[in-house]
Amino acid sequence: MAGGQTQGPRAPIFFLPIPLLFPLLALSVTVSPSPASFTPPDSYLLDCGAPKSVKLADGRTFRSEPQSSSFLSTDEDIRLSSSSPTTSLSPLYETARVFSSTSTYSFFISKLGLHWVRLHFFPFPSTSYNLSSAVFSVNTEDYVLLRDFSAPSPVSPVLKEYLINVDNERFYLTFEPKDASFAFLNAVEVVSAPDTLIPTAADSISERNQFSGLNNYALQVMSRVNVGGPVIPSENDTLARNWLPDSFLKPPEPVVEVAVAPGSVKYPEDGSVTPLIAPRSVYATADSMTNANVSGQMFNITWEIPAGGAGHSYLVRLHFCDIVSKSLNTLYFNVFINRMLAIPNLDLSSLTGGKLAMAYYKDFIVDGDTLVSGNISLQISPPVLNDPGQPNAILNGIEVMKLSNNAGSLDGPYSVDGSYHGDEASGLGKKKVAVAAVFGLVMCVAALAVLVVMFMRWRRQPDDWKKRHNFSSWLLLRHVGHCGRPGFMTKWSWSYWKESWPSTKKGQTGFGSQKSKSGYSTYLASSGLGVGRFFTFAELQQATSNFDEKNVIGVGGFGKVYLGVLDDGVKLAVKRGNPSSDQGVNEFHTEIEMLSKLRHRHLVSLIGCCDENKEMILVYEFMSNGPLRDHLYPFSPTLAPLSWKQRLEICIGAARGLHYLHTGAAQQGIIHRDVKTTNILLDENFVAKMADFGLSKAGPSSLDQTHVSTAVKGSFGYLDPEYFRRQQLTDKSDVYSFGVVMFEVLCARPAIIPALPRDQVNLAEWAMQCHRKGQMEKIIDPHLQVSGIAPASLKKFAEAAEKCLADAGVDRPTMGDVLWNLEYSLQLQEAWMGQAKEDEDNIQVRQLDSERVAEKDFEDIGTTADSSIVAPALFRGR
Ligand SMILES: *[C@@H]1O[C@H](CO)[C@@H](O)[C@H](O)[C@H]1NC(C)=O
Ligand SMILES: *[C@@H]1O[C@H](CO)[C@@H](O)[C@H](O)[C@H]1NC(C)=O
């Protein structure tokens, strides 16, 4: 995730390094040290079946069942309470939910990346269900977490803990009962983890080299041990982890437990170890061979940690801290993993920059083939020969995490779609090369298939297509896309890929699920600065009729944009830098540098370059469903009106693109400056992408005037009134324009209609006026009345849009807040649609219900502790 990975499976397609792009390499390897504390952007804590929210000793509040139901796709609602609650256990284990049919939780992920998924199971005694007889599976979209799982005896709770790299804005967790059984769950946590927690590469024990692409695997935490010390409960850990006491030490060697005051443990100043890696209490205790008073003997201290499961590799993290030495350079020891020498002559003094009691850790990848009777074996012992003083060896902490196997599973050889991968699943080591080769081959074949599909499809486009879609306004991509970056090969071909690949589950990509979406990106990242397609100049010359002025579809800051049609009918937006201008190569580099930082599923992307003949040409993706506005008005019989759900999804996509520009793209953020429905383009799957975004960084002070006036031209009706007054553009100006877009989507009318009565000319003013009077039905698109819109969803949406239109920028929400509200609105709509389907007669009643639920959630959420993380928007301006 940290963008530093440089290795991974390689396949011989689509990477043609362009020399001029090399400066970008430097950009992709900056890594910032992790901070000492961490506020998770996403934090979903659900106490299943609980009538009220529950606050744990560690300060975290779990939502009640009523507050959680909007995350769940099922209509059944079976809640259980323990008939004999055990007071010594966490209150999470007093209630549960039962799923008698397949049910899915869906969580909106505001920041993609590493997330904890913790599942709590406790089969407490209950009169109506025998929970310990339940057999079920738990899957995410890409990974099998549990297969045919059962929690056998009601003795102690079972915590299943995972670290999953979420690369989709929705995270699904599916509970699937086996045959006639049922599933149950006591509590679930889906919480952001710092991306720095898991590296992208680590030393491999058996292969004596780096194992890379670790971020392409789901991890299951198998054990986490505070060696030589007591339990460290979640309240003493910044990431709410539990560290357990050592139960893996192998007798009978005479091991000595040592401990110091946690306060004396130091973290290195370079940030390479922080309390996020492990709290001080972990480093403050250890097992050692001797204490300083006893002269040593030679033996290994040995731990054997059950790992289980063929076909998996393991991430083993060892924590060290020299709390035993009286002086520097007296402690040296060997570390063995599975009887192989992992660290010869470990010298903590030199690794910690000459300080005692300084935290240090080291990661290893252990191949499942090397396990010692199913266990991971750890041994530490002093070297036999060089022994100036007291031979000793210590270990402070152990973490073992299982990596998903070739089936994308953490529990057995079956993948999410049920296919069997048992034959190939046998560790990574030996099969890695073969897998990479097959992967490459599959990619080639699929790429070919994609080209064929595209060819067929483009050929079918009617000639009047261009007219219908008003090219001039939307194929103009002034500063768009991303070059020299993972996953940018071709967004379009990627979608085709996904579509054309035989698969049953959404998001499954068919070629070994651990190489799914993120793996694919990584794969491309690994091809360095590969360009999706390297166009020859002649090819582009022909595609654009030798850059005929008639083909100009726009003029950007850097050059003209042409419509290009390749021999095979594929259409492209071709942006040609002016070779005679002074701006020249430097500018081109700057732009690509900029574009390379702007990469997002919801930004229109770059698909290729040409730098022949001193030409500097960028080629962008073609968005086959054109601008959003065409689908709103004027009503065209050839385009079906969008449903409310589709409109919400489009708004969410666009908001996500903008949110990324504001927060994720550059240090100071980037202001789009021209948010409107013609700059939101739709691909063949109606995925919305922002186009035509400007390059101006949201600098602290003034703006380049010419830049600004270019950008705002022709967007009257969307303009931030505060910008007029203060001549200062901020990201809140985009929020204002987005508010106008939201009303445009709801009402299907232009932002300005000069012919209307005065109070109706400006959509922003008119819609706000109607909203305040509670007369939204007067202005919403009549098509929506027909296809159905949940009152609660409409309410949430209109409220959010109105907040965007606040007069002062400071009163407007951030795009992140807007996004949250849109997601919420979508959830309300989906819930309502589900109910409507289930019981047509009850629609009236249920509408009222869902409104009430929405209101209630609103208040309930406001009182829980984690809500500030989840729903900042709810508090703003209230
Ligand atoms: C946990 O934190 C509390 C309060 O700071 C402290 O008193 C206690 O000793 C800590 N426990 C461990 C195991 O570190
Ligand atoms: C410790 O274990 C390793 C690997 O199993 C072995 O090679 C080494 O000789 C052992 N050291 C001692 C002192 O027993």
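Including glycine, each Cβ sits where the backbone N, Cα and C put it.
Automated prediction, rather than curation, is the source of TrEMBL annotations.
Annotation source TrEMBL lists transmembrane segment at 12-31, 433-458. What TrEMBL records for 64-87 is region 'Disordered'. Under the heading domain 'Protein kinase', TrEMBL lists 547-833. Residues annotated as ATP binding site in TrEMBL: LYS575.
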According to DSSP, folded down to helix, strand and coil, what is LYS575 (ATP binding site)?
strand
For the region 'Disordered' (64-87), jot down how many residues DSSP puts in helix, in strand and in coil.
7 helix, 5 strand, 12 coil
Would you mind checking how many other C-beta atoms are within 10 angstroms of the C-beta on LYS575 (ATP binding site)?
30
Given the model, what does the mean pLDDT over the domain 'Protein kinase' (547-833) come out as?
80
